[in-house]
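Everything on this sheet refers to the single structure shown next.
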């Protein structure tokens, strides 16, 4: 028996936390179902990262593609410091909106294990890159730096970028835990909302008064952007790595604080009262579908994570378009990315909205077609809403675009929404998962699958948007609308194929039993 | 002239990939009677129930529920059946009242609200009728699942582990629901591990083992020793 005079080891020291996080990562890795696909996905992410880091420097394009590249470089090359700051903002928003970052084990699974807050903190850090916005931002940053940096300084500059991404991610996590801690205090939700809106208003006011740019240029990121281009890059890189390590260690404190408090917002939602409403009597369509739609919409908007995610995805890219004054050519990229982000909240495993209630839903005497159509509509609504906010905010900033650009924006928006819908409804039936989305830190699929989904959706929608950007430059305003037709036909065909699979009884039973985890 | 049994299962097989969850079950259950489905974990009780509820299609064999073929008329089966699943069975961010509303609407029930309120009160869920079920305890969820199964007074009532984690008052209310269903001529199938409660609720008992039916008898004849022997 241990003597009371013997020194005791901290129950959740960094060594233990690192080991435990390693065990959890290994456990999750062992539960990956499609190892080949996971390896291919990891390889694709690595390849894209390398291509982003070295590829743009070697591009020598003419014509429309060259113009697009020139526009992108002009818009971003003088703003590397701002882009670095944007990475930090994104890390903060990502960690904050997901309640302190993603979890290696769901709350229910983790409750039986002696996992400390430092393990949770390290787990959230390890999972931060498995995020579409994070990956896009990193690829963008690497590409821009590759474009604007002379060949002899490129390696050092990219080393600084990597160090900055590590530091920004760790700093974002510190802020994420701190905000989550505040959110869990009495009136904390109100405090966080007021603070968030105030920050957005301050940024807006700075922009409108023309002081945003000087403020951004006064940030230390401007020094980092300069240092990475010359022989100061080793100092910058080492300093940033030290900052990252410091932030990782410091982040343990707010993580312990936040995780030691009750999750008030989730508890409030879980015990939320919603008075009875009369049966819907729609002007068109059946009442059955209207009631199913109401239930599905409730499942989305009564979830803390999904509600928060949809608001952030709707406002985030739109505010960037509004404040940064992005050109329409760049704005065209945003609806697809916003729609993909919305789909990643639950659409990639659309049936998980019902959780274990899926079995009960399946006993209801309603046609499988109606159930599929309503669920697809609700997924589409979410994607159209968040991407629509982005387009509307860009309209406010840029005013009405020329006819050709306007047709391209509308066509591209429609195409990417239908495209992503068809893809995610196919995935939802082909690879369903049983998950509990009660925590805002939960994801609708295992992390490896989420990373694959994020990569594929971003690739597809970005390539589509690039095509429409090129079409917008053509002299024929009808060209984007005509080009949209084959995309829409293909996606509709894919959606109908997914619907046919769902209607088949044995396929549906497989999905139902998997999602309900019975 | 004898009445057609409410549930007829002949040589039922259910396969999930390489796993045969049910391998050749035969079962007949009459209207106005309650039959207990007993057996160890993995015996095939819950899978059989899911087939009878129209959730899982049979891989082979014949399954008729209230005159509807489960393989070809799953929608007809769902209209005739009230089913309390063994696990969960509730949409996490909907309220009990919204569950009842949807079930009643899809079954074209006119005046369901009075019965809905009465059932919620009997199961002591009246004060949480408008709270989302995600915060419910396991026992509360089980009780609500029984309410949902019984709401539309189905011709066939399927209760899979309805006593699991339920307090004594909830057990009493469930036994009342079973008695009411029998009294109005419904067929009740009740799956449970609790032999004593099964005997209290049911007149007949069927024991499954390894996906097969190994015995069918009057519930009163299923003594503790006999049941133990059938499980091994």
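Glycine residues also receive a Cβ, built from the backbone N, Cα and C atoms like all the rest.
TrEMBL annotations: computationally assigned, not manually curated.
Residues annotated as transmembrane segment in TrEMBL: A:37-55, A:75-101, A:122-149, A:155-178, A:190-210, A:235-259, A:309-326, A:332-353, A:374-396, A:408-429, A:450-470.
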Is it true that the transmembrane segment (A:309-326) and the transmembrane segment (A:450-470) have 3 or more Cβ pairs under 8 Å, skipping pairs fewer than 6 apart in sequence?
no
Considering pairs 6 or more residues apart, do the transmembrane segment (A:155-178) and the transmembrane segment (A:235-259) have at least three CB pairs under 8 Å?
yes
For the transmembrane segment (A:408-429), distant same-chain residues with Cβ under 8 A (at least six beyond the ends):
328, 331-332, 335-336, 339-340, 343, 347-351, 372, 375-376, 379-380, 383-384, 387-388, 391, 401, 453, 456-457, 460-461, 464-465, 468-469, 471-472, 480-481, 483-484, 487-488, 491-492, 494-495, 497-499, 501-502, 507, 511
For the transmembrane segment (A:122-149), which partner among A:37-55, A:332-353, A:450-470 gives the most CB pairs under 8 Å?
A:37-55
Should anything in the same chain at least six residues away from the transmembrane segment (A:37-55) have a Cβ under 8 Å from its Cβ atoms, list it; otherwise answer none.
135, 138-140, 142-143, 145-146, 154, 158, 448-449, 451-452, 455-456, 459
